[in-house]
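Feature list (source: Swiss-Prot):
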BINDING   His206, Cys212, Cys215, His216  heme 1 binding site
BINDING   His246, Cys252, Cys255, His256  heme 2 binding site
REGION    86-194  region 'PDZ'
MOTIF     238-258  motif 'MCR 2'
TOPO_DOM  22-260  topological domain 'Lumenal'
Amino acid sequence: MKLKGTTIVALGMLVVAIMVLASMIDLPGSDMSATPAPPDTPRGAPIVGGQGQAMGLPVAMQRRRGEQRAPVPALSDANGGFVAPNVQFSEAHWQGMEALPLSIELKRKLKLPLDLEGLLIDETSLNAAVSGLLAGDVLVAINGRKVKTLKKMQKETRRVQMDRRASLTVYRKGRLLTLTLSEEKNLGLAQVETAPMILPGDIMPHPYRGPCTQCHAIGTTGHITPDPDGIVLPPGPIRAGAKMPHRDRGPCAACHAIIQ
């Protein structure tokens, strides 16, 4: 039996319609059904499928057995600077004295006994100077309690902060001396500091003493740049024939504007 052309065209259109209809029906077990993307999932929480079943953890959170998370290397100050969590103290100030850790390097430079333990007194003023303390002394003890570190010094000054006087044991030129530190109201607590903040990549101005971050914070917000003490203002104008206030440094007009 021969089919007419119109019949063939009609059969073709019917087949196409059946295929389109089949593609729109989600048959059970069909591999054609699409799996919706999981919603945003909190880090570490299981991914849940459309029926509420757990589908596993995010790949980024899966760790191998024995694998540990890397420790946080540092803290940040309020302005984003790098601050090591266990940064060391570099100096302490108390009643006009400035105390430094007595390192082996300093003992050798100052020709002090290598077994001497205490804190180097770098500067004295105010009540510390009145007590007889001198720059170059080594503070050994406060009220008989040894102070081998700046942290220990702060602890011992905390004990006597409400007192009006305390005894200081110091080493000076091979002898141990006892001095009395006094204040009319109270002695207060020693204030400690770390080494100053340095810029990333700064050139080391001293012998190697371990990682820079043991003592320094890294950043740009910890000090004024340039240092105000290092700023030299231009010389002001002077009158012709004025008396020279300093030694001869060459023609006055080289530095000063001359007012007639």
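Each Cβ is built from the backbone N, Cα and C atoms, and glycine gets one as well.
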Cβ-centroid neighbourhood (8 Å) of the heme 2 site, His246, Cys252, Cys255, His256 excluded | Pro235, Ile238, Met244, Arg249, Ala253, Ala254
Write down the Cα-Cα distance for His206 (heme 1 binding site) and Cys255 (heme 2 binding site), rounded and given in Å.
-> 36
The region 'PDZ' (86-194) resolves under DSSP into 22 helix, 41 strand, 46 coil
Number of helical, extended and coil residues in the motif 'MCR 2' (238-258), per DSSP | 3 helix, 3 strand, 15 coil
Note on heme 1: the CB centroid of His206, Cys212, Cys215, His216 has further same-chain residues inside 8 Å, namely Ala195, Ile198, Met204, Arg209, Thr213, Gln214
Check the topological domain 'Lumenal' (22-260) for me and report the mean pLDDT.
-> 81
Entry from the binding-site residues list His206, His216, His246 having the most other CB atoms no farther than 10 A = His216
Rounded to the nearest Å - Cα separation of Cys215 (heme 1 binding site) and His256 (heme 2 binding site) | 44
Of the binding-site residues listed here (His206, Cys212, His216), which is spatially closest to His246 (heme 2 binding site) when Cα positions are compared?
-> His206
In this structure, the one of the binding-site residues Cys212, Cys215, Cys255 whose CB has the fewest other CB atoms within 10 Å is Cys255
Output, ordered by sequence, the same-chain residues six or more apart from His256 (heme 2 binding site) with a CB under 8 Å from its CB, or 'none'.
-> Pro235, Gly236, Pro237, Ile238
Secondary structure at His216 (heme 1 binding site) (DSSP, helix/strand/coil)?
-> coil
Count of other CB atoms lying within 10 Å of the CB belonging to Cys252 (heme 2 binding site) = 16
